[in-house]
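All remarks here apply to the structure that follows.
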Ligand code: URP
Ligand code: ZN
Ligand code: ZN
């Protein structure tokens with residue numbers, strides 16, 4: 001009798017990576033891919049992919065789960081329901097946000113988030129930091145230490161009163177990135193313009209959901225993107241601009257890239273598929289369901305973003321899953337009231353629909369190749385956020401996070417989804433694909449009909465430095481000037497970028513740190 005060489009073999013796969021498409025079997029041992037080839041030996045378990053496309057499991061690098069909100073508002077998904085939904089839509093790694101409280105430490109935020117995710121997450125996870133209070137000790141000690149410990153990305157807001165930083169504070173954080181690495185992410189919208197426009201609209205009685213889009217026009221994002229790019233250029237550090245929505249911001253990023261600047265960009269399905277009209281054509285409250293920031297734009301912006309996906313301008317497609325219920329007092333009608341647009345919780349759900357929408361509209365719609373789909377949903381996020389090649393590809397040594405795709409048409413309804421939200425803004429759309437199976441480190445977490453994962457089945461991921469930034473397009477003259485002009489800050493022990501999978505220090509699942517001493 002032949003010995004079983006593998007725990008699992010996926011046979012007859014159309015293996016699809018960011019660079020290649022080929023027919024092969026995939027051999028898996030201990031949750032890792034150990035062999036790829038024709039006619040592999042037997043496995044203890046076998047799955048026949050029957051020639052269907054097999055991609056790496058998706059990485060949703062921008063989602064909000066169980067993030068504390070000002071009462072009565074509350075995110076509908078916690079780490080269990082949010083990651084269950086992710087798994088059923090083909091996503092096997094999520095990177096939500098741990099937000100610093102003003103006056104609090106980054107460590108306290110992380111301890112709180114580890115407590116929320118530990119034992120609950122059904123797919124692997126890491127955290128971006130949100131820095132709201134860059135005090136001297138955060139800049140000198142905490143942030144460098146945490147970068148060294150594998151928290152290698154941090155989001156900075158230019159808008160939202162409770163979160164925003166001024167330009168000097170953003171430069172302070174970018175200066176830490178210059179010395180210690182990591183990927184600063186910027187939410188680029190001009191706060192003062194938004195406040196001014198909101199006041200003018202309210203004074204004119206224009207408070208319906210649709211006026212949310214008018215309070216944050218594309219120009220406001222364009223200005224924020226331009227300023228973020230200038231700040232990045234000043235210190236010669238990479239920056240990733242999150243949730244890009246408008247053609248004008250796309251132009252700014254394109255100009256920066258043409259100049260060789262180290263600027264990266266993310267967009268989301270809502271900016272490819274929704275427009276400002278989805279916020280309403282009259283003053284009905286129905287449009288509250290699509291209120292998010294930045295708001296969806298117009299068809300010209302949709303085209304500019306599709307073009308940017310196809311030609312490499314964008315590195316990452318995320319969901320920006322920010323789930324608020326339509327019904328009840330804790331979501332889009334805070335306290336059970338229909339409110340002026342400025343008080344509508346910002347955000348829409350999308351963690352489960354991100355991959356199927358992009359596969360349907362992008363790949364099967366003929367707008368991007370299947371390889372580009374993999375690059376945007378898995379490989380790009382892995383390289384941007386220090387997870388590659390453990391995550392984000394199909395290669396020997398990588399985790400066996402895999403999606404087998406079923407190409408069939410159906411009309412999407414919220415009842416199909418596994419989040420805890422009472423709607424999807426994409427209901428009624430014809431989808432042309434959905435995962436037939438999702439595997440997390442070789443274990444089936446979605447079998448095409450049911451969620452088959454477990455709470456606590458997801459592992460915390462300690463991350464390396466981003467490889468795209470480590471090999472970024474530095475300008476030698478400017479860098480030399482910076483070395484002379486600016487002293488080093490803090491003392492970091494930078495983690496290496498993209499360790500080879502078999503050398504990765506975090507091959508073993510890193511246990512979550514002990515529970516925090518104090519709830520924040
Ligand atoms: O409206 C949105 N996008 N809410 C989530 C918060 C953010 O800025 O990403
Ligand atoms: Zn944002
Ligand atoms: Zn977000």
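Glycine residues also receive a Cβ, built from the backbone N, Cα and C atoms like all the rest.
Annotation comment: TrEMBL describes 491-510 as compositional bias 'Low complexity'.
According to TrEMBL, the feature compositional bias 'Pro residues' maps to 511-520.
Residues annotated as domain 'Amidohydrolase-related' in TrEMBL: 53-444. Averaged across the domain 'Amidohydrolase-related' (53-444), pLDDT for the predicted model comes to 98.
Residues or ranges marked as N6-carboxylysine by TrEMBL: 155. Under the DSSP three-state reduction, residue 155 (N6-carboxylysine) is assigned to strand. Within the same chain, the residues at least 6 positions away from residue 155 (N6-carboxylysine) whose Cβ sits under 8 Å from its Cβ are 97, 128, 129, 130, 131, 184, 185, 186, 187, 242, listed in sequence order.
The region 'Disordered' annotation in TrEMBL covers 491-520.
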